[in-house]
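This report concerns only the one structure given below.
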């Protein structure tokens, strides 16, 4: 008997690289989306840290009145932020090489655009990487679908809203108090609290946290004990065990008697789909609401909508909100314009002279 041995061709360097990138045996999965995600998120994070610590003041309103945002220029963790790119730049793509000098680039808020654009690309690739890993492992794609909600929200406040308003200076500052300022100004200019899509988002976030707490407490309260009374019930679980770890029948019975029978899920798959879908759909709607308000399709306006038989206004809470909106609007960008847009839009009376 004769055995013929053939020499196996060695795999090319590119082939080995492809196998390493797409291998699910790596401690952290990279994937083709990861090839773009890693450098973009590293860039965004590095520039954010450096700018948060040391960036000079930025002329956000384009009126030669720089606003300080970094720690070395007098801020703390709460008040510090990456100041958005100047209104003088508008929506122009503003990389370092477009400025006459690095000082000019910093003065006009170039780091904000750099961070935001790299960050959005990075989180979009993170979402793609979630789908890619799910695909390689033979899983369904819903993890990436769920993550699309925060990606949509980030895109709405960092990209869609500035596009609608005509300038990156209207984007959300990258800091704690800057975020609050963005929220207050957004309410003043768009009446977001009276927008039904924002209401759906609030229901999604608060409802999601409520349902999460209810589910976690029900499961924890109906564990199948595998240990003695002297040991923690948590110690009875083995990773990968085939047996159920809690009694869904007991949990269903408890909750059905606490509220009513049909308020409780008796199907674990339906339950977990609901837990995922509720907050995700709510945040989708909020992102959609921000994106519509970006183009000034604002919240409901019920100002002075209730009057008596004599035509006199009977104030409602909508009028109280409107008064607060006017107060917030006259306080922000106080040197950029003399009157809020609502008042400035009124046609001036003609004079005979």
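Cβ atoms here come from the backbone N, Cα and C positions, even for glycine.
From the candidate list 198, 215, the residue Swiss-Prot records in the quinone site shared with 264, 265 is 215.
The stretch that Swiss-Prot tags with transmembrane segment, taken from the ranges 86-101, 102-117, 118-133, is 118-133. The transmembrane segment annotation in Swiss-Prot falls on one of the ranges 7-21, 52-66, 67-81, 142-156, namely 142-156. Residue pair residue 126 (pheophytin a binding site) / residue 215 (quinone binding site) shows a Cα separation of 28 Å. According to DSSP, residue 215 (quinone binding site) sits within a helical segment.
In the three-state DSSP scheme, residue 126 (pheophytin a binding site) is classed as helix. Local packing around the recorded positions 190, 215 was summarised as the count of other Cβ atoms within 10 Å of each Cβ; on this measure the leading residue is 190. Measuring Cα to Cα from residue 190 (site 'Stabilizes free radical intermediate'), none of the binding-site residues 215, 264, 265 fall within 10 Å. Around residue 265 (quinone binding site), the same-chain residues at least 6 positions away in sequence with a Cβ under 8 Å from its Cβ are 252, 271, 274. Around residue 264 (quinone binding site), the same-chain residues at least 6 positions away in sequence with a Cβ under 8 Å from its Cβ are 251, 252, 255, 256.
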